[in-house]
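As structure tokens, the structure follows; a few thoughts come after it.
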Amino acid sequence: MKKYLKLVNFEFNRVVKLFIVLLGITLVVQVAGVIIKSKDYLNMANEKINEDLIPKAQFLTDYGQFSFLHIIRSLWFVGPIALCAAGVAFYIFLIWYRDWVGKNIFVYRLLMLPTTRFNIFFAKISNILIMTLGLVAFQLILLPLEAMVLKWMVPDEFRNDMGIEEMITSIPELNIIIPSSFVELILYYGAGLMAVSILFTAILMERSFKWKGIIAGVIYSAIAVIVFISPVLLQEFVLNSYFYPMELFVIEIVMAVIVLAASVWMSGFLLKKKVTV
Amino acid sequence: MIEVKEVEKKFGRKKILKDVSFTANKGEITCLIGINGVGKTTLLNAIMALTPINNGEILIDGEPVKEKTFEKISLIPDALTMIPNMTIEEAMEFMNDFYTSWNRERAEELLGFFRLNKNDRISSLSKGNTAKVNLLLGLALDVDYVLMDEPFSGIDMFSREEIANVFTSHLIENRGVIITTHEVNDIEHLIDKVVLLDDGMVTKEFDAEKAREDDGMSVIDVMREVYQG
């Protein structure tokens, strides 16, 4: 356990610069987005009211009040989130491959550590989770901050204030990364963890068997996905909605646990018996 | 004792190791000699469970390699296995964090022995100093066995001398050492046992001292006899 935690810490230190860059980009771009979008709206209001001489009430009826929705639906807000998601997705591969490439092949050292090789797998997957949760937590901190910037920028009568929960539920993508209930959090992040574990297994297959491993990895991933969605497929096409939704839901959770456990076991087996430097 | 028994290793269809067997004892320097590409590095990697074998068995003190084995055997590969942007000190800290067999005092002693600066970044080291850091990381572990892969390869004369001095020092004493090389000259007089490899097979295994005393032959003489006829 101690060595696992040390490995997690060590792995996190290796990604901390990328992590800070992603946080920085998110902060700068989203806050800039709030300022620019607010200014655009105020400029438009100014133009309509002072130059086109439309009464303020008429303007508000025609164009509506400015709310955080205008920002959330813009590229200024969604762009950094997409970038962070792409960054994490890229890092899922990089976290393994960087240990094999270059002049100094660090995988030698990792595999020669006097600890179970499962810990290498767990430390790497934990880091993906920490990175993801860290980025989401940062977004949660940013939201009220950005709402505050919007309040400073746009006068009361032009503004429709939204609560944080309202902001999150306003676009489905945001609701997935910041679920509104604990159960949803477990489900979404559990599914994410399962997907990452499947990818890790596929990567380790490639590292163990080279090009044959790529084929094995693709087949393994396909089988894992089919196993996971098989209850839904059966329900739809064979069983004619035999299960109640709640039953199907429980079966899906069991399937996810099976796929996750199989991926962890397979990755551990590959790391112990098949992987090559 | 390190026992390599009938080990076979294939890369695709190509057999790199064919039925390789030999033993290496604690307190002795065993030298694996063979030209490049003969399977020396693969053999060391296989002993450390860094690459799977297709057949055969490798035992360290009668047991197959498991996680705890890495507290009693260390591999010094021909390339450094630490992250380039680490300093030597950070690399030493890393070792101290993960290995109970890490001997801080010996590490400091080796720093002095090799005249290395612990604040130097690994990526900025010359080839000779990289090899020395590699030796430091492997030898500062209180392990019974040390495997060294081509420690003299491609480094300057003075660094070679310093590294060769390690073999006559207390840093090696009482340990079992397996060293691979295709340049025997630097350590010929220090070798206890020789395993000649050719085309993935052991062509001869002999006691260097015995060959010197009984047959009046140096290691190079025996090699000449085996390889040239």
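Glycine residues also receive a Cβ, built from the backbone N, Cα and C atoms like all the rest.
Summarising the annotation, TrEMBL assigns transmembrane segment to A:12-36, A:75-97, A:118-143, A:186-205, A:214-234, A:246-271.
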Cβ contacts under 8 Å made by the transmembrane segment (A:214-234) with residues that lie 6+ beyond its boundaries: 194, 198-199, 201-203, 205-206, 243, 248, 251-252, 255-256, 258-259, 262-263, 266
Positions whose Cβ lies under 8 angstroms from the transmembrane segment (A:246-271), at least six residues beyond its ends: 111, 117-118, 120-121, 187, 190-191, 193-194, 197-198, 200-201, 204-205, 207-208, 220, 224, 227-228, 230-232, 235
Touch test for the transmembrane segment (A:186-205) and the transmembrane segment (A:12-36), at least 3 Cβ pairs under 8 Å: no
Folded-back contacts onto the transmembrane segment (A:75-97), same chain, C-beta under 8 angstroms, at least six residues removed: 11, 15, 18, 22, 25-26, 29-30, 32-34, 36-37, 124, 127-128, 131-132, 135, 139, 171, 173-174, 177, 196, 199-200, 203-204, 207
Intrachain residues whose Cβ lies under 8 Å of the transmembrane segment (A:12-36), provided they are six or more past its termini: 71, 74-77, 79-81, 83-84, 87, 91, 95, 127, 130-131, 134-135, 138-139, 142, 145-146, 149-150, 153
